[in-house]
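Worksheet: the structure to be examined is printed underneath.
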Number of protein chains: 2
Amino acid sequence: MIEDKNPQRTSLSELGEFGLIEHLTKNLEIKQDSTVKGIGDDAAVLDFKDAKTVVSTDLLIEGVHFDLAYVPLKHLGYKAVMVNLSDIYAMNAKATQVTVSIAVSNRFPLEALEELYDGIRMASKIYNVDVVGGDTTSSTRGLIISVTAIGVVSEDEVVYREGAKENDLLVVTGDLGGAYLGLQVLEREKEVWKVNPNSQPDISMYSYLLERQLKPEARKDIPVLLKELGVKPTSMIDVSDGLSSEVIHLCKSSKVGANVYEDKIPLDPQVISTSEEFELNSTMVALSGGEDYELLFTVSQDDYPKIKGNPHFTIIGHMTQESEGIHLVTRANTKIEMKARGWNALSEEKEESEEE
Amino acid sequence: MIEDKNPQRTSLSELGEFGLIEHLTKNLEIKQDSTVKGIGDDAAVLDFKDAKTVVSTDLLIEGVHFDLAYVPLKHLGYKAVMVNLSDIYAMNAKATQVTVSIAVSNRFPLEALEELYDGIRMASKIYNVDVVGGDTTSSTRGLIISVTAIGVVSEDEVVYREGAKENDLLVVTGDLGGAYLGLQVLEREKEVWKVNPNSQPDISMYSYLLERQLKPEARKDIPVLLKELGVKPTSMIDVSDGLSSEVIHLCKSSKVGANVYEDKIPLDPQVISTSEEFELNSTMVALSGGEDYELLFTVSQDDYPKIKGNPHFTIIGHMTQESEGIHLVTRANTKIEMKARGWNALSEEKEESEEE
């Protein structure tokens with residue numbers, strides 16, 4: 001996580017805008033058959049034959065979505081791609097291309113952007129997506145990253161948020177809450193570091209949490225696995241804002257209710273122990289933490305035999321009639337109405353006055 | 001241009017992120033057959049049958065690309081869409097969808113974002129494109145807009161930057177330099193206003209220039225017109241950074257040289273008179289001004305009869321062997337090597353220190 005600062009600093013204005021784009025993108029390979037034309041024209045040209053095109057976009061802002069005090073730029077580039085690919089996989093689609101736009105203030109030397117692009121390149125290589133365009137410009141302050149991800153899906157495989165039916169099983173991949181706790185650990189270490197810049201904290205017991213926060217992996221494998229198992233979810237969403245927010249999205253889009261069982265929510269042992277250490281309720285962490293980039297989906301009860309016992313999947317509840325509402329059934333067997341307490345960018349913003 | 005400030009101020013945090021997205025996007029209509037699923041899922045789903053998909057993206061940053069002191073938000077929303085559609089038309093393609101992401105600091109009330117979206121909605125209506133997605137989040141400072149435009153083109157109609165041949169004619173649509181001079185007028189009025197906030201300047205003699213700067217129109221009509229005329233350009237690019245920069249792009253991509261004739265460059269009378277007033281060389285304004293969003297293309301000499309005398313087109317030069325270089329032939333018949341002096345975001349940036 002901790003990386004040597006590159007001692008070389010090349011000013012961005014030495015390269016100019018076009019030089020910068022060329023420099024940063026020259027090592028990006030095109031591998032997808034569907035990429036007819038990548039970077040270097042007014043627009044990318046893609047060919048999806050008779051399949052559907054899937055498009056999703058996200059903005060990441062320094063000081064809102066990430067803090068460069070503890071996020072290495074390479075990881076940030078990787079994560080920016082993951083956040084968007086996750087949305088493509090949530091459509092049960094295959095991700096094929098991304099465009100990446102960045103705006104930077106001149107406090108960033110070229111070497112910093114190279115590091116950022118190293119992460120983007122690594123993500124595009126591992127996830128087999130082509131970087132086909134983007135924009136590189138300046139900001140008055142800080143780093144801004146905008147990624148648009150493009151994918152492909154056939155008409156009979158696309159999964160929306162809106163198809164869940166009463167009695168469908170509610171299933172989540174992986175485990176939840178790790179990314180949020182990773183952020184708590186990093187925030188705490190930053191405060192410690194402010195007091196004592198020479199401190200070398202032992203963070204090995206949080207390794208999984210830090211990985212979940214700093215280098216999340218989108219669930220590329222899940223659409224493939226579902227196809228192998230012969231399962232088409234009735235609805236699907238990615239878990240970016242916390243479980244409760246996503247369950248509510250599926251329910252509202254599908255016009256159903258849901259019961260989620262607290263004792264079924266998959267938690268890593270590090271999530272349980274670190275929640276205790278931070279005096280947080282681990283269920284609340286999973287429900288509201290966000291940034292897990294797992295997939296949440298519903299399947300017909302008929303598909304139960306196909307997913308039962310699969311280590312990637314945990315059945316955490318089932319869908320009900322809309323009128324029954326959306327509830328968490330606690331370990332004590334009481335029903336609590338679920339509310340979206342997901343990470344809400346707009347309530348967390350820290351405005352700095354214009355006059356400062 | 002000057003609009004009443006809306007006296008109502010609804011705080012964004014009252015709505016929350018999801019509420020805000022829903023509020024801003026509820027009036028957006030879907031009209032394109034190719035839009036299978038628009039806003040409201042993890043990703044948009046598009047169906048282009050057997051045609052090619054075209055994708056382009058741009059980032060607009062307050063303080064770098066626009067100044068809210070004189071750009072009404074409605075115009076800004078409109079322009080943000082235009083900038084991107086222009087890239088789609090430059091591929092000789094039809095624009096069909098856009099995604100719009102915005103990041104705002106909490107100094108913006110809801111009403112400001114509604115105004116911005118009014119402009120986005122107006123652009124999408126007039127240009128017949130669907131708004132199919134986006135992201136709405138907070139910024140630590142100022143307004144950031146990221147637009148991705150998507151279009152469709154058949155394989156035999158797509159035009160790249162790279163097909164220009166020796167002896168091809170170099171053609172530009174409309175006229176050049178107006179948007180840059182409009183910006184100069186606005187910058188001057190802002191300085192006047194700083195000294196005397198009650199001044200009511202007479203800017204009627206700059207009306208065309210201000211319109212070019214504040215409410216540019218992308219050349220949706222040109223791909224249609226070219227098809228009607230039976231002309232397929234050998235190369236094409238949009239004029240966003242100034243004519244010289246775009247001529248150089250076409251030449252480098254196509255491995256040819258060019259002669260551009262100074263006396264052929266189309267200039268509006270307001271460009272000529274206002275250049276004089278500002279003591280600027282109008283040719284330099286056209287070559288380096290940028291933001292005109294016209295199209296620059298090359299055609300075979302065989303197509304000359306088809307474009308001759310068309311009021312949308314001006315033949316400004318011709319392509320040469322690569323070894324002859326890229327030159328402006330002045331009115332005095334001297335050849336000057338063309339250099340890209342286009343609007344360069346990275347050299348113009350104004351970093352503000354982190355400690356302020």
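Just so it is clear, glycine is given a Cβ too, placed from its N, Cα and C backbone atoms.
No curator has checked TrEMBL annotations; they are predicted automatically.
Feature annotation from TrEMBL assigns Mg(2+) 3 binding site to A:Asp42, A:Asp87, A:Asp238. Counting every protein chain shown, the number of other Cβ atoms lying within 10 Å of the Cβ of A:Asp42 (Mg(2+) 3 binding site) is 27.
Summarising the environment of A:Ser56 (Mg(2+) 4 binding site), the number of other Cβ atoms within 10 Å of its Cβ, over all protein chains shown, is 31. Residues annotated as Mg(2+) 4 binding site in TrEMBL: A:Asp42, A:Ser56, A:Asp87.
Here TrEMBL flags A:Thr57, A:Asp58, A:Asp135 as Mg(2+) 1 binding site. The Cβ of A:Asp58 (Mg(2+) 1 binding site) has 23 neighbouring Cβ atoms from other residues within 10 Å, across all protein chains displayed.
What TrEMBL records for A:Asp58, A:Asp87 is Mg(2+) 2 binding site. Long-range neighbours of A:Asp87 (Mg(2+) 3 binding site) (same chain, six or more residues apart, CB within less than 8 Å of its CB): A:Ser56, A:Asp58, A:Ala149, A:Asp238, A:Ser240.
There are 22 other CB atoms within 10 A of the CB of A:His65 (substrate binding site), with all protein chains counted. What TrEMBL lists as substrate binding site is A:His65, A:Glu291, A:Trp343.
Other C-beta atoms found within 10 angstroms of the C-beta of A:Gly134 (ATP binding site) number 25, with every protein chain shown included. What TrEMBL records for A:Tyr117, A:Gly134, A:Asp135, A:Arg161, A:Ser240 is ATP binding site.
Here the Cβ of A:Asp241 (Mg(2+) 5 binding site) has 24 other Cβ atoms within 10 Å, regardless of which shown protein chain they belong to. TrEMBL lists A:Asp241 with the feature Mg(2+) 5 binding site.
Helix, strand and coil residue tallies for the domain 'PurM-like N-terminal' (A:40-153), in that order: 34 helix, 43 strand, 37 coil [DSSP]. The domain 'PurM-like N-terminal' annotation in TrEMBL covers A:40-153.
According to DSSP, the domain 'PurM-like C-terminal' (A:165-298) comprises 69 helix, 20 strand, 45 coil. Summarising the annotation, TrEMBL assigns domain 'PurM-like C-terminal' to A:165-298.
Note: the Cα of A:Asp135 (Mg(2+) 1 binding site) and the Cα of A:Asp241 (Mg(2+) 5 binding site) are spaced 27 Å from each other. Of A:Asp58, A:Tyr117, A:Ser240, A:Glu291, listed as binding-site residues, those near chain B by the criterion of a Cβ under 8 Å from one of its Cβ atoms are A:Asp58. Summary for the binding-site residues A:Thr57, A:Ser240: the Cβ-based neighbour count within 10 Å is maximal at A:Thr57. By a simple count of nearby Cβ atoms, those within 10 Å, the most crowded of the binding-site residues A:Asp238, A:Glu291 is A:Asp238. Secondary structure at A:Arg161 (ATP binding site), as computed by DSSP, is coil. Within 10 Å of the C-beta of A:Arg161 (ATP binding site) there are 24 other C-beta atoms, taking all protein chains into account.
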